[in-house]
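> Handing you this structure, nothing more for now.
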Amino acid sequence: MTHDNKLQVEAIKCGTVIDHIPAQIGFKLLTLFKLTATDQRITIGLNLPSNELGRKDLIKIENTFLTEQQANQLAMYAPKATVNRIDNYEVVRKLTLSLPDHIDGVLTCPNSNCISRSEPVASSFSVKPRDGEVHLKCRYCEKS
């Protein structure tokens, strides 16, 4: 029996690959983190086979690079994801994600009276792992 090792999603020459995203989370990451706010080509693989996860999503963004801070914000929804920097079709840097201390400008505070909902300020939450879960606390109104 032979194994056919074909790529399921086309390789990119230069850019960022977000791999090992749990299945059904890829679109959420694209939307929440505004990853589509670029004119560069984005390739998405959904429900791809994965030895580790069973099924996974994958996002490739050409000619765009995430900072370590941006990459770590993805850990809220995809804690085991990896962010790879690609140059000339080769992985030149691989980031393993860790939860950030805070997340800014991504989520909306659930408190309708919070200043971040009515004033021109970016939302800001402190991130605390507790009992195997992630807890967020608004910087402005302290709503959890």
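Placement of Cβ uses the backbone N, Cα and C atoms for every residue, glycine included.
TrEMBL: automatically predicted annotations, no manual curation.
Sharing the features that TrEMBL gives for it:
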- 7-97: domain 'Aspartate carbamoyltransferase regulatory subunit N-terminal' (DOMAIN)
- 102-143: domain 'Aspartate carbamoyltransferase regulatory subunit C-terminal' (DOMAIN)
- CYS109, CYS114, CYS138, CYS141: Zn(2+) binding site (BINDING)
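Surface or core, plus neighbours and distances: that's what I need for these features.
Restricting the average to the domain 'Aspartate carbamoyltransferase regulatory subunit C-terminal' (102-143) gives a pLDDT of 92.
Sequence-distant neighbours of CYS109 (Zn(2+) binding site) (same chain, 6+ residues apart, CB-CB distance under 8 A): SER116, ARG117, SER123, PHE125, CYS138, TYR140, CYS141, LYS143.
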> Can you name the residues of this chain that are 6 or more positions from CYS114 (Zn(2+) binding site) yet have a C-beta less than 8 Å from its C-beta?
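Those within reach of CYS114 (Zn(2+) binding site), by Cβ under 8 Å and sequence separation of 6 or more, are CYS138, TYR140, CYS141, LYS143.
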